[in-house]
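Q: The structure that follows is given in the form of structure tokens.
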């Protein structure tokens, strides 16, 4: 079974990532936002290849993309001090869009995901999006955010249809969920945190299950169960938590952007179902073990309880 050994270097890197994101989200100064993003970047770069065992290509690409975005943001901040508002805003938003992987500067995400480890890929699709998305929603008017919501939902739904790589499929899936998170962050910080927590849990379960597959034949049933539950949560199928999170955003939103989010999710069901079907067929080849049934029962039960708690807390 795969285990993530938390060495002192990794622990420090995780702390730096957390501190950087919190600094960016809570800072009231543009310089504080930029410094927080840089701290987050330095911590994550270490976690992308802490032991030197993975292909450094993804780490180098990510560093180049994020460094370019940081330079653009810093230049925009400096121009803003000269009161050249339009140019400063344009350059600053270009840097933010590049760092967050949002349309039209999103094409780097699938290529980097394809060569990343499961752990680094999971962080890149979840925690690394928090600070840029929050800053983007605060800096751009609501009408502008709607454009990005519609674009990300369409690109994510259509782009993932013909993908054979699970990692690349997950990257396009994240585009659809990014549209939901952008919509939720414009509604309420509580709604955003709830959706982000469910999405992160879904990605974590799915990637952890995928990392276990084919490592030990005895763990194949457990890995299929874990990744299957994560995938169903990403799909937003009832009664899983992913469905409850989408219902929460739907009930809170009166924006036309919700139509684009739902449409993107419906289209993305095609490649979700394809992967889920192939995974289940592979799993059924082996004899069903009691351990996998227990795992399915526990995780599904936890989803039922969590969905009830989320819905009850907002009544």
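One-based numbering along the chain as shown.
In case you wondered, yes, glycine gets a Cβ from its N, Cα and C as well.
Those TrEMBL annotations? Automatic predictions, nothing curated.
According to TrEMBL, the protein carries these features:
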- 27-264: domain 'NADH:quinone oxidoreductase/Mrp antiporter transmembrane' (DOMAIN)
- 71-98: transmembrane segment (TRANSMEM)
- 144-161: transmembrane segment (TRANSMEM)
- 181-210: transmembrane segment (TRANSMEM)
- 222-241: transmembrane segment (TRANSMEM)
- 247-272: transmembrane segment (TRANSMEM)
- 293-314: transmembrane segment (TRANSMEM)
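Distances, neighbours, how buried they are, the whole picture for these features please.
A: Remote same-chain residues near the transmembrane segment (144-161) are listed as 97, 102-104, 106, 110, 136-137, 168-169, 172-179, 182-183, 186, 255-257, 260-261, 263-268, 270-271 (criterion: CB distance under 8 Å, separation of at least six residues from the stretch ends).
Distant neighbours of the transmembrane segment (247-272): 145-146, 149-150, 152-154, 156-158, 160-161, 163, 169, 172-173, 175-176, 179-180, 183-184, 186-188, 191, 194-195, 231, 234-236, 310-311, 314; these residues of the same chain sit at least 6 beyond its ends, with a Cβ under 8 Å from one of its Cβ atoms.
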